[in-house]
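Trainee: Below is a structure I'd like to ask you about.
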Amino acid sequence: MSFLFGSRSSKTFKPKKNIPEGSHQYELLKHAEATLGSGNLRMAVMLPEGEDLNEWVAVNTVDFFNQINMLYGTITDFCTEESCPVMSAGPKYEYHWADGTNIKKPIKCSAPKYIDYLMTWVQDQLDDETLFPSKIGVPFPKNFISVAKTILKRLFRVYAHIYHQHFDPVIQLQEEAHLNTSFKHFIFFVQEFNLIDRRELAPLQELIEKLSSKDR
């Protein structure tokens, strides 16, 4: 299956969101990458001493968007209108799209359409300087954590869809370790700061317990 990976590193579903070099957020991202390298994910997600929680959540949210963007980009050929006519995570969970502005009433749509809506919506939030300020001294809005919670709740659904509907191609493409590490990092992060309601995590509860138990 390696023909899909002619330019694997550049194959993302949406353009990558870059954090400006030289900014404090860029330094935080570098710190996150360095602590991730230590292999202890529980430690890696903790708020660094003296840092602002909003800024830490913002940097990691951008990073998770980029990771999921890349992971989904590797399996887009398998996620089609025909193979995935609804956005689901196994037989018990189906998601309908609404963003509260352009689409107010939830609509049933195929998984690729749903994920396109979702990733475009997340990208718009990340690009909004009033929500995700990149300049030093510009404060985060008072509702920032609730915005981040909605973004992370929706990004989780992409992981859930990949695990439930596309795990075979992930194994064929030898992306399993990459997906598991990325998801484990994501889950430890949202658990550390209580960012996703437990009910929302139900589609992958068994996997979450398995990944968590290895770190006890």
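Here the Cβ of each residue, glycine as well, is placed from N, Cα and C on the backbone.
Straight out of TrEMBL:
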{"type": "BINDING", "residues": "Cys79, Cys84, His161, His166", "note": "Zn(2+) binding site"}
Trainee: Using CB atoms and a 10 A radius, I'd like the single residue among the binding-site residues His161, His166 with the highest neighbour count.
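Mentor: That would be His161, with the highest Cβ count within 10 Å.
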Trainee: If you draw a 10 Å sphere around the Cβ of Cys84 (Zn(2+) binding site), how many other Cβ atoms fall inside it, taking every protein chain shown into account?
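Mentor: Other Cβ atoms found within 10 Å: 19.
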Trainee: Using a 10 Å radius around its CB, how many other CB atoms surround Cys79 (Zn(2+) binding site)?
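Mentor: There are 21 of them.
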